[in-house]
Amino acid sequence: MIAETGLIALWIAAAFAALQACLGLAVLKAGGEDLMRAVRPVAIAQAVMTATAFGALLLVFYRTDLSVKLVVDDSATTLPTLYRITGAWGNHEGSMLMWVTILALAGAAVALFERRLPERTLAATIAAQGVIALGFFAFLLFSSNPFARVYDVPAEGNGFNPLLQDPGLAFHPPTLYVGYVGLSVAFSFAVGALLTRDVGPAFARAMRPWVLGAWMFLTLGITAGSYWAYYELGWGGWWFWDPTENASLMPWLAATALLHSVTVLATRDGLRAWTVMLAVVAFSMSMVGTFLVRSGVLTSVHAFALDPRRGAFILVLLALYIGGALALFGARIATVSEGNRFEPVSREGALVVNNLLLSVILAIVLIGTLYPLFTEAMGTKVSVGPPYFNATAGPIALILVAVMAAGPVMRWRRDQIVAVGKRIAIPAVLVIVALAVALWWAPGLHILPLLGLALAAGTAAASVAPLWKRNLRRTPLFTWGMVVAHFGVAVSLAGMASESAFTQETLVAARPGEMVRVGPYAVRFAAIEPVAGENYTAVQATLVATRGTATPITLRPAQRTFDNPPQQTSESAIATRPDGQLYTVVGEPVPGGRWQLRLWWKPFVTLIWLGGTLIAIGGALSLIGRSLPRRRKAEEQSGFARFR
Amino acid sequence: MKAKNQRLVLALIALVALVGAALLAMSALKDRASYFYSPSDALRDHVALGQAVRLGGVVEKGSLRRETDGVTIDFRVTDGIATVAARYTGIVPDLFREGSGVVAEGRFTAPGQFVADTILAKHDENYKPPELAGNGMHQSASLKK
């Protein structure tokens, strides 16, 4: 019954979404208080029905109802409770349902709380939300029904992918989805503003919290995903430029550009067309990402259970939404009047450069991700990996960081090069000093890590420059947000550069009792023994690592064996110290009573994710700062408070 | 500068930047996209020695041999028609075994002789790979030389 309830709720929700779209368009066409009053409850009803459907899915998964096909495919009664629940979104249908649930909840929130937009724009926005939701409901109902039954109820399910049986991964997809959906709201705002030709600062201020929120969640999601890949896959890397990683990076790049251009629009009424365009592009990128990951078109080692119908469905949705939005953009943009002018050397100028560089990186990542598809269509198989992305996106990202350091100390509208130069003199000197120190201390450094380390030092200093000589207690929260986020970029960059420059690795086959050295550590291979887990058995090594006179650390890397589905995973063991991480993996047994051991010493690698977290915290501070009652109106209007 | 002109200039700069990005990407792709070969392709097309490529196929049954250092393995990659001898130093991914699908990144040191830097094992065909977070590949990076 529960599954049927879910399915019925889904149909009703789809009907409400259709009604929402029609009502919104009717308000746009004819206006009318009564109609507008009807729009809000409809949006809320749609959210309630969608949430009901998702709740039903969670319930059938929690109960491991093996008469539901999805549960049979992706769960088992032997799973720990946490993964019996998270299994609900650890698959295609369930994750799509979660997507549309978050979308509906966001739409209801817009309908309930949005007071800044003019009524007609709000109506158009809500209509656009309804249309987007409708596409996804159609997708679920016609090609990916999560509630489909099986008639031969099996005794046991096929289990849940052991790699996904990790708390980090259980909560990582929802985080990313909140980000994607936030971008869909920004997209709806842009469509609404285009429909009513109302692209201006008020629209930008209404859209900004959504962009900030989406961006914050995307940042968190990418950071968490990177750390998960790092510790769970046992390969010691933190970014692989895999298509699925790129699928979340591309919307993030677009959202970052949008976040900065929406600030120009909100505070200086500039970059109108560009901001609307970016809102369309950002959501398109989350759709493209969904398409790439879900359709199985990519020749990836992921090699999905291929389902061309789903791919075609998403492709059609993609064409409708993006094509429709672009057509609307083309038809209406000429009537959007021009914004304010600015000199090339100004805060706006720096933000334009920021936007261009982000767009360039986005283009490079997009081309690199799609290229294998095109060549395969031509009959050649190609794989594009780290060598391409590092060589192209790496240098541009470094230039971007340099611009990021200079931007916040520039004045709006017009500034003098000499004056800006004076303001960034200290960070610039720091870069040169750091460069010299790095060259002296580690002469063999590669160019990218070298520049990364030097720039990180300069950027860290430059990012706090906007606080210089200010009353820190009266500095608005959104200025703090910017400072923290920019500082986070410096921290992250330092971690990436340090990891790629100074990592040390030891790979051996050792007998219990032997000593192995890696970096500053002497590691004793103390023992290896079998252990049993809740739904797996494992072989666990005990390693005792000593470094100078410090207390020895005990690490227990393991190889787990699951039998439903039959699969092995390696569980790395990581010791975190202030100056880096000791990362250990145990491999297979080797004749002669030996076991493969792989040890890494990664100096300051944790800074990568610490920086990512700081960036997200910066976003949160800005979001809170923007939503608080406006006490300092003058500063609110000038965006970040002016540089003094 | 009039507002209209400024908008035009900005649009042009944006266009130039994006075209530049595309050109940069295409030229980098020419150099750095590693081509994907099956053993038959590799033997027929005479892959340049030392060039970064990916080799895909199945680990031939009975071909897996371990060196005495305990961390280097030799095996043959086959596509049912041709085979290539491969060598790898490192911990192999969890799903790597004889008869399983494999993608090896590395280079040919002699015709038919492949040295892998990285091994990617294909997921069991009966089970879906993780689709959500990405990174679903089972990977093992090699020793940095």
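Residue positions begin at 1 at the first shown residue.
Placement of Cβ uses the backbone N, Cα and C atoms for every residue, glycine included.
Marked as transmembrane segment by TrEMBL: A:6-30, A:42-62, A:96-113, A:122-142, A:209-229, A:249-266, A:273-292, A:312-331, A:394-412, A:424-441, A:477-497, A:604-624 (among others). As annotated by TrEMBL, domain 'Cytochrome c assembly protein' applies to A:89-295. Here TrEMBL flags A:315-626 as domain 'Cytochrome c-type biogenesis protein CcmF C-terminal'.
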Range from A:42-62, A:122-142, A:394-412, A:477-497, A:604-624 with the greatest count of C-beta pairs under 8 A to the transmembrane segment (A:209-229): A:604-624
Cβ contacts the transmembrane segment (A:477-497)/the transmembrane segment (A:394-412), at least three under 8 Å, sequence gap 6 or more: yes
Long-range neighbours of the transmembrane segment (A:424-441), counting only residues six or more past its ends (CB under 8 A): 405-406, 409, 450-451, 453-459, 461-462, 465
Overall pLDDT for the domain 'Cytochrome c assembly protein' (A:89-295), taken as the rounded mean: 89
